[in-house]
């Protein structure tokens, strides 16, 4: 009995999904339940059960069934079933009739197709026993659950196919990089189907992974980014707790080592040789040297300084504090340059020192330089009375090259257009070519050119400023023309009212003398003394007690009203212009009184020429034939135009007209008018005016005048107007 009990318990523990609780449902408590109850009797305990109609609660079914028949779930049996076929089992709930079917006679429950626990893990169903014949329920409806047992049919899946991570280089062993996560869709509460174990497939010995958490850590010390910066690690997740037969999933982790300042700067060479022409501008680049640093970013920033050498004053690592080079003064320079990191990480001081030095030798190359003046500008002074060809100063320039070529001097004549100065081409002495006048120009600015004789293309320029010094060579004179007056009743010693001139006597008379011309000598105080004589005109005028001018002739009056000579000239010009305007206006009025030949088109008077002829209408482009006036009898009625052939819409109905005998009257008229025009100088340059309004036989409507019309309107035929169209309908009527 003990062996049987052990076998049954082992079966229940190891394969619980193979034992359906329906197998435990028996009538009257018989069958397997009694056997299980009997197993406990060996322990001195008696098991009792209550009698009830239904003996189930859960059914268990394996997922992913691969058999060809329906999968058996269990058996439903009621206590009311006597085996006579009168009981009918009815199933309802989730999947009833589709996923699950029941034999209505025996109560056997089957699954119609394979089920997936990952889609749905439990199904709730209801069963009831009814009378097959009457349909009356034999027992109340009872609910039960079909639970889908899991099998290991899902492999682990990582949340990402590719992970990206970074870790600083030179990190200690065990430094965390990142944690990867995998998910298994199987049931984690049943067996080991969802229990995962992580392992590393690629990436050893640099990295390791925690088998339970998936945490990736560094496994090798002193990993150097400058040696290798990128790593690819493959991580595997296996279910069934990593046992044989478990399913697996993998992912890739790309790990990059980030930079730290663990590499000091180093010059590739211990010494460098550079060259530069002596004509190089201050601040121009001579060459470049660079220390190599394996780090990147701020960790590779390097600072350069000159720590030693004889060229520290001539060269710099920036365009500041430099001087011009001179091959003749020094041809070789040496510098000691130091390179050091600006951002240090003291954790790696043991890898230093984080600085390096190099020796730089610079050779100065000789170039042909232009002449150099002794100063950047010259200033000379010269008296304005200096004789011509006198030397006023000299400039000096030389060739700075080793060959020391001679220098020739000249003046840029664009700066000395008046050719006032000259320069010696040999020694650079500047002399005057003309006399100078300070009153005309106080300063003269010229440009002196120095040219190297051996190479004329090498030239230099220097400004020369020449100041003209003043001497007393101009006599003083009145600043303007002065004219004043004196009163007749003035007393001796009285100051004149418009000038500081004293009268020498009392009383003046205009009758005796109307004006005085007083010579005045003006002299300066310089040496040599310069003087000049000017004349002052004094008018004698009548004044009141206050000294105001009353009268002194026209000149005195004008002076009293303070009219200047310019004002008098302006008044006279205005008067002359007014007189000219009046004369011109009178002449124009006189000329307008002469009547023109013809005043207007409406007033032609006897200038109208009447003749028994008319034009050819709008199509007439021929000039008028004067012969018609002389002999109207020779008129060619059917004369055609020379430019086009007219189209006659209807026959011409020109009536006969009496001929005009003779043309003597016309000739006399024209001759008289011609003579009158020739004798009249104001007449226009034409003989006569003939105005024609062209119409007649050349027009589509023929002549509209009464000339040559002897027929009455009643004799006219107007039937042809009807063929002219709607526009002439009214006219035709």
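Here the Cβ of each residue, glycine as well, is placed from N, Cα and C on the backbone.
What TrEMBL lists as signal peptide is 1-21.
Among the features that TrEMBL reports, domain 'Cadherin' is placed at 78-158 (among others). Per-residue pLDDT, averaged along the domain 'Cadherin' (78-158), amounts to 87 for this model.
The domain 'Cadherin' annotation in TrEMBL covers 159-267 (among others).
Residue counts for the domain 'Cadherin' (268-373) under DSSP (helix as H, G, I; strand as E, B; rest coil) come to 10 helix, 39 strand, 57 coil. What TrEMBL records for 268-373 (among others) is domain 'Cadherin'.
As annotated by TrEMBL, domain 'Cadherin' applies to 374-478 (among others).
Here the domain 'Cadherin' (495-557) is broken down by DSSP into helix, strand and coil counts: 5 helix, 27 strand, 31 coil. The domain 'Cadherin' feature in TrEMBL is assigned to 495-557 (among others).
According to TrEMBL, the feature transmembrane segment maps to 566-587.
Residue counts for the domain 'Cadherin' (374-478) under DSSP (helix as H, G, I; strand as E, B; rest coil) come to 3 helix, 45 strand, 57 coil.
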